[in-house]
Amino acid sequence: MCAAGRRWGRRQRALLWAVLLAAWEAAWGQLRYSVPEEMPKGSFVGDVAKDLGLHLPKINDQGVRVVSEGKTQYFAVHGKTGHLVTAERIDREQLCERVQQCVLRCELIVEGEMKFYAIEVEMVDINDNAPSFQEAETELRMSETTAPGSRFPLPDAHDPDSGRNSLQSYELSGDEHFSLAVQAGPGGDQRPELVLAKALDREEAAFHELVLRASDGGDPARTGTARIRVTVLDANDNAPVFSQAEYTVRVPEDVPVGSVLVTVTATDGDEGLNGQVKYSFKKKKTSSQIFHLDSETGAITLGRSLDFEEGDVYELDLQAYDGGALYDTAKVVITVTDINDNPPEISLRSALSEISEDAPSGTVVALLYVQDRDSGANGEVRCSLDKDVPFRLQSSQGNYYSVVTARELDREQVSEYNVTVRAADGGSPSLQSSAVLALRVLDVNDNAPVFAEERYSARLVENNAAGALVLTVRATDADWGQNARVRYRLAEGRVRGAPLSSYVSVQAETGALYALRSLDYEQLRELQLCVRAEDGGSPALSSNVSVRLLIVDENDNAPQVLLLVLVRDHGRPALSATATLSVVLAESVAELLAELGSAAAEAAAPGEPAASLTRWLVLAVAAVSCLFVAFLLLLLALRLRRCHRRQLLPPDSGALRGVPVSHFVGIDGVRAFLQSYSHDVSLTADSRKSQLRFSAASCCDTLPARPPPDEPAPLLGDEDPT
């Protein structure tokens, strides 16, 4: 119970020292803890949340995890407490067999912040291993002539613990003929030797049984034992001798299996059985599984492939013994040289799968860890990205690299990136590896809709049906999703005092423009409007386009005569008078009289008898008709007279030469007479103004004077009197 209490107290002090050391190193960006080995899974290592200032909700939300360099993950972060705990039981001797100070390294990745923190955990040794001998029994053969004071090597004990818990001492018991001597080896290790203290006598004792005990410095101490059996032989006065005390050889790590690395030789001056030399490994440890020793020839061959990254130096202890049990020892040091047989390894610690196109330059999108297990120039790694991507590599602490944006992104140009990270070592030839980062660019509303045309125009025939399609405008938006959804609407405006929306409308989804009412060319000849296209972003972006709608006229109005004459003098002030002139067109006199009667009744002043007005109109029509008949008779008489004169005059008579034909009454004269009573009416539909122009020849009822011989006479009604 007391020993257990002391061990528990030592563990508590070690944990307290680890916490104080971690708090000091957290300020320098690196955490260091110490924990005893063989702790059960889930044991407390350190409070990383407190040491790094991380809040517990932040640990769960931002994805905090621990990554180790090797394949096995020895530590984890407790999600509820934020403590660094062991992920499994850790055996220091299994991990750090040849290392005095066993330190495990890992990184704490905070994915939400794209940060990492280096953590070192020193595995403190506990006395969980007793010294042990590779062979429980060892047999030595000695000649009875062996001089006292002779020394014989004994098997070494091995304790994988470190420090005071490792091997500390040897003890020998069992016989007065022998004593124990311990020599210090080149590396500080203890080498037990059996010393002959008293001469042997085979006839007295052919065998001697000894016990070799090895002890460590733990509390309590642990021990291991080996039995030594000494066989006394007849005399053999020459021991084998190696040609070298230490053999050194350098081999590349890719040397083929079965190759002879070195051959050791030893000679013995004796003859016969006592002169036959055989070779063996003094210690059958791990190296003996890699290398094979031919006991007859001394050739050391390679038993399995070498790997510089697993081991670069191997020390082999050999012994050569003859038939009389005399022997010699030698050491073989095999140095493995590195070749470039490991390509760089790229580990993706943390990465984004999507990024907004308005992310600022320098945004971290991935955190990489790059390493090469080779050494020297073969292990120097250079990383690079493709030149045509808007990203760059940024070196971080240790072997970490950050992939950051080099400039602003534009989703409308490139919506996805497959960023290839390449790593090449410094070997010759160089080995390379690559990793691909898939990154999708998220859209922001940075593009306004663009119309297909700069301006639109259309023609619409008047008297259209309400709801008629006029034209369709179209705009596109280079953005994506809701930001690219375009809706149309009319800009506010008024036409002839009424809202523009009462004349036309635009379909919000398709951009189709419809006329809401029947349009009249005589009222509206042209319609100018503005259509706005707006996307679905927040805030929304928009653009406008002008639309010109021309109303096409059709013949839907009959001509109208306005019935009004204005006479004005040139006095100052000018005086004027007006009179209403009614024009009645009829096919017969009866119809004419009926029309005049109705017109007169409509135009009569209130209180004036309609019969009086009718009477005057009838008289005027009768007078005009009489004049027309008289004129026709006159024209007929003139025509007959001309014909009569032609019959009296000879054909070649020049009496009428030079007289224009138009001076004779005929069909042309009748046409001229009719033209003298024709009138022209011109109307303008928009100004409501009219003109009534009488032919200038209507005031003449006689033939014109005879023109000069060289000037042709005008037709009746063609002259223009002033």
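A Cβ is built for glycine as well, from the same backbone N, Cα and C atoms used for every other residue.
Listed features, source TrEMBL:
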type	residues	note
DOMAIN	74-133	domain 'Cadherin'
DOMAIN	134-242	domain 'Cadherin'
DOMAIN	243-346	domain 'Cadherin'
DOMAIN	354-451	domain 'Cadherin'
DOMAIN	452-561	domain 'Cadherin'
REGION	134-169	region 'Disordered'
REGION	703-722	region 'Disordered'
SIGNAL	1-29	signal peptide
TRANSMEM	616-638	transmembrane segment
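Three or more CB pairs closer than 8 A are found between the domain 'Cadherin' (354-451) and the domain 'Cadherin' (74-133), so contact between the two stretches is assigned (pairs 6 or more residues apart). Predicted-model confidence for the domain 'Cadherin' (452-561) is 92, expressed as mean pLDDT. Taking DSSP states H, G and I as helix and E and B as strand, the domain 'Cadherin' (452-561) has 7 helix, 51 strand, 52 coil.
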